[in-house]
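These notes are about the structure you will find just below.
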Amino acid sequence: MIELNQIVKRYKTKKQDVLAVDHVDLSIQSGSIFGVVGFSGAGKSTLIRLLNHLEQPTSGDVIIDGDTIGKLSKSDLRKKRQKVSMIFQHFNLLWSRTVLNNITFPLEIAGISRQEAKQRALELVELVGLKGREDAYPSELSGGQKQRVGIARALANEPSVLLCDEATSALDPQTTDEILELLLKIKEERNLTIVIITHEMHVIRRICDEVAVMENGKVIEQGKVSSVFENPQHDVTKRFVKDDLNDDFDESISELVSLNENDYVVRLNFTGNNATEPLVSYITKTHNLDVNILEANIKHTKDGSIGFLIIQFAVANSEKFEKFKNDLEAQHVSVEVVKHG
């Protein structure tokens, strides 16, 4: 388990102090994939560097598997860092070394014999899908292949924790999905704890179990991914979710919808099994409503599906609308009134 207790990171400059991380508390379960999402300057990259002590916190404790990182001796800290590996946005490969020799590099530093290092590297080459490219140089690889080398190198010392700092930000969408699938596979096979820093909610949705949203150095919202997508609380979180679901039904569009006195435009949010149920059919049959679908989308998460549906319909009175709303919410479909005639 990884625990962050009241973590603060402050930088002093000539003009002012910069509070990069502001009293953050987090608990990350062993064997889980935990995402931290935020816009540029939110403090997320600083936060991840505190986990392996590349940055030292101004105050607070980082505890990994029972060890308080800031209290370890230099030799114990070096050993701990071997078990907390990291991959980066721009790969950080050694351009004068082949794929195989990039992977053996941390093993050489750790004093592993050349034969064992080569054997372990060959196994990792196969694991990340680069068999046949062992003798290639980074300049001969695509972006996705470079990141696969970075992942293999990070796994060389058999870590228990893998930190991913914007690891897919430089990749195209298809390659991003391939790298995410690889991380899922590695996590399952090696029982890794993975912490992912990103500004892409798509990444969070695809593979994370839990997510923390950061703004101005603070964690402003956190929880299970499905819960955060279903019911985001903070405006920043709502923006991330809206962008990922391609929900562009804003007030300017809703103004184009002509409504009579008894008309409603509502947004229905659903997750899990509800995302694949014939909801419109249910509404028309159960509540005898003529439904006009204005917008809809469904996306897939690691644990199921999430989505929204924006519809227009007319009801005779407010009591019937409340009956409709209560019925759907009893089935775990949230109902939000966008506009009322």
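Quick reminder: no glycine exception, Cβ is built from N, Cα and C everywhere.
Noted in Swiss-Prot for the protein shown:
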BINDING   Gly38, Phe39, Ser40, Gly41, Ala42, Gly43, Lys44, Ser45  ATP binding site
DOMAIN    2-241  domain 'ABC transporter'
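Annotated features, which come from Swiss-Prot, shown on the structure.
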{"residue": "Gly38", "record": "ATP binding site", "CB count, 10 Å": "25"}
{"residue": "Phe39", "record": "ATP binding site", "CB count, 10 Å": "14"}
{"residue": "Ser40", "record": "ATP binding site", "CB count, 10 Å": "7"}
{"residue": "Gly41", "record": "ATP binding site", "CB count, 10 Å": "14"}
{"residue": "Ala42", "record": "ATP binding site", "CB count, 10 Å": "24"}
{"residue": "Gly43", "record": "ATP binding site", "CB count, 10 Å": "23"}
{"residue": "Lys44", "record": "ATP binding site", "CB count, 10 Å": "28"}
{"residue": "Ser45", "record": "ATP binding site", "CB count, 10 Å": "17"}
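In the three-state DSSP classification, Gly38 (ATP binding site) falls within coil. The record gives Gly38, Phe39, Ser40, Gly41, Ala42, Gly43, Lys44, Ser45 for ATP. Within 8 Å of the mean position of their Cβ atoms, the other Cβ atoms in that chain belong to His199, Met214, Glu215. Following the DSSP three-state reduction, the secondary structure of Gly43 (ATP binding site) is coil.
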